[in-house]
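Peer 1: First, the structure itself, so that you have it in front of you.
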Amino acid sequence: MQALLFLMALLLPSGAGAEEIIGGVEAKPHSRPYMAYLKFTTKNGSKERCGGFLIAPQFVMTAAHCNGSEISVILGAHNINKNEPTQQIIKTEKTFVHPKFQYLSGFYDIMLLKLQKKAELNSDVDVISLPSSSDFIKPGKMCWTAGWGKTGKNNPLSVTLREVELRIMDQEACKDHSDYDYQLQVCAGSPTTSKSIGQGDSGGPLVCDSVAHGIASSYEAKAPAVFTRISYYLPWIYKVLKSK
């Protein structure tokens with residue numbers, strides 16, 4: 001139940017009050033050309049948003065708990081309230097949720113979106129590399145995540161892309177999370193600072209040395225954030241990418 005609560009918090013409407021924030025700075029416009037902004041409708045009919053990232057011209061990776069209907073993807077965005085000439089808005093043709101996804105625990109929180117057409121790659125819209133199966137990031141590594149989530153507990157969701165640097169933590173650091181599996185997930189942040197993912201940041205990448213190692217999955221007050229560990233899922237990912 002505890003895991004369910006903080007997964008739900010990442011998707012709460014802007015007035016619902018999440019406990020943690022991204023706590024970073026505004027990103028340089030279009031400096032992260034792989035970033036995707038997702039808009040979708042939940043089962044109860046509410047309009048929500050998540051982050052994601054482009055891993056192939058026609059595929060976006062995000063969190064499985066960001067699934068919904070009428071998923072629209074905006075690429076090349078910095079300010080999502082403006083009609084920027086760099087933006088490419090593409091609807092989703094098909095969703096691929098990991099068959100073992102568990103909403104309550106947050107395990108296998110990964111989803112691929114096949115776009116209706118390929119993105120036009122350029123300096124503002126581009127793919128990000130994935131790790132190898134043996135690329136297991138170790139504690140102490142400094143990485144980055146980004147998103148359009150809330151900038152403070154009582155602040156609205158950000159309209160511009162923000163980024164924050166996080167430290168990869170060891171297993172002990174995520175002991176406050178009711179469900180955590182070191183093989184399936186990455187623990188990043190700090191238990192003593194407010195730098196973390198938060199409301200509206202789900203699905204965004206954890207980037208280390210220009211490689212996407214994680215997917216923003218869940219967070220909890222006074223604990224590091226949890227990211228889905230991408231290297232574990234590579235066989236499934238490449239199987240989906242090869243599908244028609």
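Glycine residues also receive a Cβ, built from the backbone N, Cα and C atoms like all the rest.
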Peer 1: For the candidates Asn44, Asn67, I need the one that Swiss-Prot annotates as N-linked glycosylation site.
Peer 2: Asn44
Peer 1: Under Swiss-Prot's annotation, the disulfide partner of Cys174 is which of Cys143, Cys187?
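Peer 2: Recorded partner, per Swiss-Prot: Cys187.
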Peer 1: Please determine which of the recorded positions listed here (Asn44, Ser202) has the lowest count of neighbouring CB atoms within 10 Å.
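Peer 2: If we count Cβ atoms within 10 Å for the recorded positions Asn44, Ser202, the smallest count is at Asn44.
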Peer 1: Give me the Cα-Cα distance between Cys143 (disulfide bond) and Cys174 (disulfide bond), rounded to a whole Å.
Peer 2: 17
Peer 1: Of the active-site residues His65, Asp109, Ser202, which one sits closest to Cys50 (disulfide bond) when you measure Cα to Cα?
Peer 2: Ser202
